[in-house]
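Enquirer: One structure, pasted below without further comment.
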């Protein structure tokens, strides 16, 4: 029986610790989160595929969370009675999607390992099977963890495995970063001669490794605390103490889901472009006709600049970002010099 995320409504009401307004605020908070999940999307190849498969489950987690809290507010048994089928379904959805959210870090580390190993033609060859395979393994591993919680009533080992996998992923990222820095230094010293595509892939690997360093710390931190809170909630504490653990978990997981898109936005130029488009789209409703025309003009100018200064056809017949390639290489030359 799944009751790790069970909120004891009766005990909360008796102790006066249940605040309906707080639950309503969390519902609105999650609705805002869903919109951020949808609008902030990446455009990298296998990283994009893995990210979309992971964030595809986030709205389901939010919906299950909202339904659970509404049922708690309206005093429906499905929101807090562990013996009901509705409660078990909600718990299953929330646990599976939670594991999927915290399993993205190992998937990213493995994908970047392939990018490092195949740096000579990783962008040239379409290895989409890597992204799809990693996404499938995320789903499969998360499902296995939840089934262990159901059939063996053991929450410690799945969360321990999740914690260790994130630590190993962080170490793998450091190794990938050092390898790509070695390749880059060899190219500067003329030890090895790399083509433009290889230099672009190496610079992209270094860029992502720097982003991954911060992202890994974030995921590891939240995964550790969330796993600890779920572990404490599964132990024989009082109902009030378990409620505190569950509410703390909901808050931390909410912050985690909101903070990760921000990190993607901060360290990804494509995400920044998409976010600015969203801001323009929202703000355009308050503009006067003149402002709207200026916005359209700027948008056309941006598209014209993007098409003429960024995209070109390379020798492989695929579109690549020429300006972005040299900008990335220049940035890493400056970074190496410092």
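From the backbone N, Cα and C atoms, a Cβ is placed for every residue, glycine too.
Just so you know, TrEMBL annotations never went through curation; they're auto-generated.
Small disclaimer: the values here were computed from a predicted structure and weren't measured.
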Enquirer: Which stretch, out of 86-108, 270-292, is listed as transmembrane segment by TrEMBL?
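Expert: Transmembrane segment, as annotated by TrEMBL, spans 86-108.
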Enquirer: Select from 189-210, 211-232 the stretch of residues annotated by TrEMBL as transmembrane segment.
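Expert: Comparing 189-210, 211-232 with TrEMBL, transmembrane segment matches 211-232.
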Enquirer: Let me spell it out: take the transmembrane segment (129-153), skip the flanking residues so only those 6+ beyond its ends count, and list any with a Cβ under 8 Å from a Cβ in it.
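Expert: Non-local partners: 1-2, 4, 45-50, 53-54, 92, 95-97, 99-100, 103-104, 107, 110-111, 114, 161-162.
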